[in-house]
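**Q** This is the structure I want to talk about, given as structure tokens.
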Amino acid sequence: MPKRNDIKSILILGAGPIIIGQACEFDYSGAQACKALKELGYKIILVNSNPATIMTDPDMADSTYIEPIHWSIIKKIIQQEHPDAILPTMGGQTALNCVLDLDNHGILKKHKIEIIGATINSIKKAENRKLFEKSMNKIGLKTAKCEIVHNINMAHNVIDKIGFPAIVRPSFTMGGSGGGIAHNYEEFKNICTEGLKLSPSKELLIDESLIGWKEYEMEVVRDKNNNCIIVCSIENIDPMGIHTGDSITVAPAQTLTDKEYQNMRNASISILKEIGVETGGANVQFAINPDNGDMIVIEMNPRVSRSSALASKATGFPIAKIAAQLAVGLTLDELKNDIIGINSTASFEPSIDYVITKIPRFNFEKFLGCNDRLTTQMKSIGEVMAIGRTFQESLQKAMQSLEIGVSGFNSKIKKYTSKSIKKIKNELKEAGSERLWYIADAFRMSIPMSEIFSLTLIDKWFLFQIKEIIDIEQEIQKIDINKIRYNHFKYFKKKGFSDLRIAQLSNNSEKKIRSIRYNLKLHPVYKRIDTCSAEFANDTAYMYSTWEDECESSPNNNNKKIIILGGGPNRIGQGIEFDYCCVHAAQALREDGFETIMINCNPETVSTDYDISNRLYFEPIILETILEIVRIEKPYGVIIQYGGQTPLKLAKELEQANVPIIGTSPDSIDKSENRKRFQKIVSMLNLKQPKNATVTNLQEAIIQAKSIKYPIMIRPSYVLGGQSMEIVYDEKNLTNFFNNVCINFKKFPILLDHYLENAIEVDVDAICDGTHVFIGGIMEHIEQAGIHSGDSACSLPAYTLNKNIQNEIRSQVKKLALSLSVKGLMNVQFAIQNENIYIIEVNPRAARTIPFVSKATGVALAKIAARVMIGKTLLEQNCIHEIIPSHYSVKEVVLPFNKFFGVIPELGPEMKSTGEVMGIGKNFKDAFSKAMLAAQANMKKSGRVLISVKNSDKKNIVSLAKKLKNIGFKLDATTGTALSLINSGINARLVNKIQEGKPDIQDRLKNNEYVYIINTTDSNKTIKDSKIIYNSALQDKIHYDTTINGARATIMAITSNPKKYITSLQKMHHQIKSTN
């Protein structure tokens, strides 16, 4: 059947910002859908609020709207663009919920817009727990014993029937948000209260516990002719009770019998038919009782998902692309298999002859005091995927990819005692992010296999695999590595041992182990991901390393090869923005005739799509793998500046190994990263820095701190996302920092800065070609200096800085770029205090603001800088004059505190946000208002506001309180703040702090009296009232600000109209070009 011709234009909904439970896998799926449908000749209208996505690049769609994914905004876009159809299955839960809202408001019916890829009925049947259970019963499939409730009273009535432990799952949420496992009445009440608030339909499913059952997933694709294929089976190593996004998973499933697999396969196909997924992909989750083989259906997602991205990368089968093509009427047998080409169609199920392991990446260290135990609510930030010929090989490669300081099964226990045995057993029973390594320690401590199984409920097949690795480790510790033979060494490598891990076990250096291996002429070979287990020849160079005999890499002798090192797993501080830059580098250099080679290990990203670069190596970004790929590919150059700190940390070792690094040299990178060397350059240029000193130990720090004066900002070298940065207010804080944190940074000096209070922070992105400097954009932060730049909203152009200050900033950026011999991208951060300009730091690499600036100005900075690295000047690329747009763009951040209940959501020098959104308006307040709507800030136009600020903010709060009064808000304030307001003629109701009398803050919060909270505290104090305020605000979705600057911007936004300026990126960029 040909594609549908009755549809001319399609509106695609994106997923919005990166949050826990919904990450960059939806940029991957959305980008694939845009490309596929555009190639078929459809007009594509795209809506997404996330500027850091490839899908929002202006060439991906005909009309691109970086706007909030909110039904009221989509309504305006529909009125402007008049689409024929809407595709909601590429944008995760956000897009599905939005299309339901559009349907409920009658907008789709009014404008005669057809939903493709899914139907309202199929979405409701899959997402509504009662309808889903009814559908499964109809086709003879079991589901867990469960009840639907809509309030706390109903919940209490059903729990006695279900019994404890019980699993609570809210409807229409993502990543298990608001859910959890309740072991008693108190936990049950708390989880249900939270779940009801987060569920858009105010509906909870109370499930019987299936903890300990084995969990599986099937990725299924169906077309309109009822052709169905299973793309991939996925097995969770962790049993039921842990969210699948937080589980270690393996593909294909390893412990299913053929009969179980066939039953699951048939059930999956029946489920898609019954739910009504007629065209596209879906994910179906099952649980199997390991005692008797009983199978039940957990749930299904009638859309592409996190697992779809993993399955696509695991098999090479582009699920999102195929699903988009099926949505417009094509069938599986009409679509070719892109990897194999003409020999096969998409109707053949992929066959794989290797093993995939996915391990999630957590960031609990960023949220002190959070509950780090793993449950049904997802908490991981990112993930890695590794490929090997065996499970053991892929598992060890996955661990090497995580960048958490492990090279394999590194021990978590320093000294084995009876106390440590207790610790190990507790970690096995109550799963945390490090349980895998504690299992290894359990084997080292000779804890019986049967006991490890009873504590973890992980299938014994996986436990035996881990035990064998630990046995081999003990063998490595005993041998004389200098006398090792080729076959013996190869045996270790086949089991997944890296050179570094062998070095650690044999008490040698990695360099020595590599030298021994090279002398033995032992090197990996590379196999291809081809969807068919090598049954057909193919030209797609999507590869992984292993230790067999035949190599399928077949590198050519082209001397125009560029290797791009990716950013590895998503984590706070290093996210999708860096992948965006890597993709742009590959695109630009391919356009210029270079063969691009990508090395990365993140299955969620666009950079690991098989058609982004000429050759893709899905490998850990570690020294060993890079040197091996460089050895066989012999590239012209290697780009290390686009993948964040992951590749930058390897710069010196790569240079020592004669790897041809292009762009800014490792020495120049060190000049900016090494605090002592950078200080000399700033001094030479007669520029200002806050009073500072570089120290290497506590004694030096105490002496220098007396000279610098408190408060002091502590900045380690070679970190990203403000890792371990802290503001300290006295010697006690300083001592604690050095005793608890600095042990991780022994190799590098530590910078102590005088902390500039109430300063404005400014970010500048620029490109230098060695002769000229192009200013990409000057961004003014909304939060004051001291809040990490990645956690502060910012505006382009600057919204309060005068022209003289901005011109001086431009001058200083140019001086720094030329002095540091930057060749490519650089980012400079300044603090402005009383018209004085202070340099905070310079990063001669891609910054997380590059996508935002590129979208705001229409200048593809990452592409231009990549061309600079290969020798093209800025003049040759016509990059001469800075682009200053007439509109305002505001980047706002999205914070994950709702996943870490009990943690004070306080902003500081260490980054905590997971993602970002962008708002565009004719003025600052409209742009900021739109950004807040996109970030799902719950702003009200009237109601009661609670204000409680620290002493240093009491002067500044007065004018803001006046504005709130004028808008029509009623004010409450704590004692000191109320006194300041009343003395300034502003009426405010006094509210008691805890223990000051009833009713107090806690009572008023419980009574839902507030619509907005302004609460600032001294960073060096933990205030009981503040913790209660923050937690209540999170639980009840009350908008809150923790800084005066943030409150000032919020109040401006409250008075704006975000819907009056909605335009496409293409029109906006055309306007910029015509006026610059």
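For all residues, glycine too, the Cβ spot is worked out from N, Cα and C.
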**Q** Based on Swiss-Prot, name the residue from Gln699, Gln829 that is recorded for the same ATP 2 site as Arg715, His754, Leu756, Glu761, Gly786, Ile787, His788, Ser789, Glu841.
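**A** As annotated by Swiss-Prot, Arg715, His754, Leu756, Glu761, Gly786, Ile787, His788, Ser789, Glu841 share the ATP 2 site with Gln829, chosen from Gln699, Gln829.
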**Q** For a quick check of packing: other C-beta atoms within 10 Å of the C-beta of Arg715 (ATP 2 binding site), how many?
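**A** The Cβ of Arg715 (ATP 2 binding site) has 21 Cβ neighbours within 10 Å.
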**Q** Reduce the DSSP letter at Arg129 (ATP 1 binding site) to three states and note it down.
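**A** It is helical.
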**Q** Nearest to His788 (ATP 2 binding site) by Cα distance: which of the binding-site residues Arg129, Ile242, Glu299, Asn843 is it?
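**A** Checked the binding-site residues Arg129, Ile242, Glu299, Asn843; minimum Cα distance to His788 (ATP 2 binding site) goes to Asn843.
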**Q** In whole Å, how far does the CA atom of Glu215 (ATP 1 binding site) lie from that of Gln829 (ATP 2 binding site)?
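**A** So the alpha carbons of Glu215 (ATP 1 binding site) and Gln829 (ATP 2 binding site) sit roughly 47 Å from each other.
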**Q** In this structure, which of the binding-site residues Ile242, Leu756 has the fewest other Cβ atoms within 10 Å of its Cβ?
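**A** Each of the binding-site residues Ile242, Leu756 was scored by Cβ atoms within 10 Å; lowest is Leu756.
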**Q** Between the two most separated Cα atoms in Arg715, His754, Leu756, Glu761, Gly786, Ile787, His788, Ser789, Gln829, Glu841, the residues recorded as binding ATP 2, what distance in Å do you get?
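**A** That value is 18 Å for the farthest Cα pair.
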**Q** Return only the integer: C-alpha distance in Å from Gln285 (ATP 1 binding site) to Glu299 (Mn(2+) 1 binding site).
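**A** Distance between the two Cα atoms comes out at 5 Å.
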**Q** Excluding near sequence neighbours, so keeping only residues 6 or more apart in the same chain, what lies with its CB under 8 A of Gly786 (ATP 2 binding site)?
**A** Met713, Ile727, Tyr755, Leu756, Glu757, Ala759, Glu761, Gly908, Pro909
**Q** Roughly how many angstrom lie between the C-alpha atoms of Glu841 (Mg(2+) 3 binding site) and Arg715 (ATP 2 binding site)?
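**A** Given the Cα positions, Glu841 (Mg(2+) 3 binding site) is 10 Å from Arg715 (ATP 2 binding site).
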**Q** Rounded to an integer, what is the Cα-Cα distance in Å between Glu208 (ATP 1 binding site) and Glu299 (Mn(2+) 1 binding site)?
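**A** With distance taken Cα to Cα, Glu299 (Mn(2+) 1 binding site) is 14 Å from Glu208 (ATP 1 binding site).
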